[in-house]
Amino acid sequence: MDIQRNVTQISVFQIALLLAMAMNSTAILTAPAITVQYAQRDLWLSPLFSSVSGIIVLFLAIHLNRRFPGMTVIQYSEYCIGKWPGKIISGIFLLVVLHIGSIIVREYAEFVKGMFLDETPLLVIICGMVILSTYATRSGIEVIGRLAQLFVPGVMLTWVILLLLTIPDWDVMNIFPAFDGGILPAIRGSITPQGWFSEMFLLSFLLPHLKKNSPIKKWMIIMVVFAAINLSILNIISLFVFGNLVPTLTYPVMSLIRYVNIADFLQHIDALLLIIWVIGVFLKIVLFQYCIASGCAQWLNVEKFRPLVLPLGFLMVLFSLWSASSMQDLSAYLKDTSFFYAMIFFLIYPLGLFLIAIVRKPKIRRD
Amino acid sequence: MQKYIRWFTSFCLLGLLAGCWDQTEIDQLAIISAVGIDLTADNKIKLSAEIAVPKNASAGQESSAGGQSGGSQKMVRSAIGEDFNDALNHLQSVVPRRLFWGQVNILVIGDKLAKAGMLNQLSFFSGQKEARLTLYPFITKGDAVDILVKTFPLETDLSDLMSNQSKIQFKRRITFNKMLQNFNSVSEAMSLPWVLYDKKNGVPYIGGRAIFKNGKFIGAANMRETEGIAWVRNEIKHKVTSVKVDHGKGAGLNLTYSKTTLRPKIAGDQWEMHIDVQGEEDIIESSLGKEIMEPKTIDRIQKKAVMQIKSNIDEVMKKAQNQWSADIFGFDEVYYRKYPNLWETHKKNWNTIFPHIKVFINVDLKVYQRGLELTAN
């Protein structure tokens, strides 16, 4: 198979923004509530441990891309493990990405329905998002990169301001005693977020479009550290404000922003959180949809991915409805299953490919 | 052809611009500003809501020009049910508009319900999506609805009145969040603002703290005891006190700075708590004449003020340990932070340990004379 010639390009900065947003947008909703179950008062330390798997998968994606320039995981798997096994595993891989993407859509819909639009049918919320993301995905990777560049700075600024507004309600002593049960609880609390960080392996689909000679490693490390610190700060603020109540909250970040009350004047600002969160999750869904569609095109040896976006978007709607029967089902998945699911396909599978590539040194026919 | 299709689609989309199909305008909402919950004589829940009545803007202008007075700007509706949710359903049926909970500021709970245990009736306020954890909880003597129905001269509604009062009295706001955190602690003990009604002036006021133990109301602390609690919890709000030095003569002191540090200690079986109070006071008035100029007098005033604070803390501490045996000071958290391992083994006995904690009070107070006129009288 020949290497696909790519004319579309995005910058390393755009990739970093896109991945940081993809990492943080869904994580901020549930991260404190999930990590606190194991980590107790040390929940702020967990994201820093979780970022380890993020760094590993980024390393794998970058090095596999060096070995197979211009190819994605769907393409080079055939070189590593043979044509047909590669096709089969890539098919499963795409299904997994589709499934995880759909679960993100469902998470978005559950949050919006639970918090704001309680009478709107789930399907309407899901379709609204998928139609939009389909439109954005069809426009190609350049547009997606620019969307990230356009939205993310504003989102980050708003996010920082929102967090700063909670300062008057901080009870800093809540953090003590730190490391009550040793370091182990914090590590156990980091396990579920490990799965979320490993989703960054989707970088593999973006690398072929990266401009030549970009300092990708530097930016990826900055991005992972930033994402981990951001989660850590959110966790610590939740602890400051809600203390022993954090485990009982469904969306700690929502409760946090609702708790803001500056001089009985600046309050009820939760709509701001919804705005930035919807933007973040939109970018994440677009990223997933792009990876599914372009991956599918490469898998089927189709020249253009564009015609595939809409049908796959339709599948995404269906998968998101099928993936969980209720909110409880969904959070059980996020808490327990998602880790193994994401780890197998985003960390262990690429690691296998990486080892095979080192040992067998497969030859690539260049055109 | 394509052009016409585009035009047609655009026109179809115009219909969506009208807004949401299930919109609720503000004049279809009953905006609740304060909620009262009581236990009736036959063990049912009585839910009362203070609903803001928006004043017509033009009517307001007329009245300021000397027209009729504004009249009532709120209304109160009550409903009785088996539990909170049942009462809620009944309440909605007596109010013609949809009840809106997003602006609820104040939660007043009658002492009967507080005695019986109120927590399981309050999950609505932590779980419902409109309600906020910023709510201020209050406990009142008698029925909450009696306070809700009153009208007041200065503030438009109870919500304004009580939040202003608590701002004056407390250093940090005591919110629903703080309340739940305290009930979630080992001791399940805490103190909430205790509201009384001043019949003469027709206003409710915060007249102390309601003491809770094991999640239940067990008694009220008066203003003096409340001050002691505030000293220990580092919640004292800067205020004026008077100190008598001799023969009815004395000075008025204004507290300008205060900080309380709790130092726990476990020596063998003896649990100790050292309460270190630091403070600075300014003399704002005196009846001591020229004496006030002498450093000796300042010393005496200082000693007297220290003694007052000490006895204040001591009194409430004795009462908390012996009479209430409720850890309203949050000592459990303090011990847990200092001795996490020991705490794990002792926390189930906390309620028997607490009354036997040996308390040491150490007050470090500085008194300054900074007035413009040095020799009053």
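Glycine is no exception: its Cβ is also placed from the backbone N, Cα and C atoms.
Feature annotations, courtesy of TrEMBL:
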type     : residues  : note
TRANSMEM : A:12-38   : transmembrane segment
TRANSMEM : A:44-64   : transmembrane segment
TRANSMEM : A:84-104  : transmembrane segment
TRANSMEM : A:116-135 : transmembrane segment
TRANSMEM : A:147-167 : transmembrane segment
TRANSMEM : A:187-207 : transmembrane segment
TRANSMEM : A:219-245 : transmembrane segment
TRANSMEM : A:265-287 : transmembrane segment
TRANSMEM : A:308-327 : transmembrane segment
TRANSMEM : A:339-359 : transmembrane segment
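For the transmembrane segment (A:265-287), the list of distant contacts is 18-19, 21-22, 24-26, 28-29, 101, 104-105, 107-108, 111-112, 115-116, 129-130, 132-133, 136-137, 144, 147-148, 151-152, 154-155, 158-159, 162, 165, 202, 253-254, 257-258: same-chain residues at least six beyond its ends, Cβ to Cβ under 8 Å. Comparison of A:12-38, A:84-104, A:147-167, A:187-207, A:308-327 by number of C-beta pairs under 8 angstroms to the transmembrane segment (A:44-64) places A:187-207 first. Highest Cβ contact count with the transmembrane segment (A:12-38) among the listed stretches A:84-104, A:116-135, A:147-167, A:187-207, A:219-245 falls to A:219-245 (criterion: pairs under 8 Å). Contact counts against the transmembrane segment (A:308-327), taken as Cβ pairs under 8 Å, peak for A:84-104 among the stretches A:84-104, A:116-135, A:147-167, A:219-245.
Counting Cβ pairs under 8 Å that are 6 or more residues apart, the transmembrane segment (A:187-207) and the transmembrane segment (A:219-245) reach 3 or more and are in contact.
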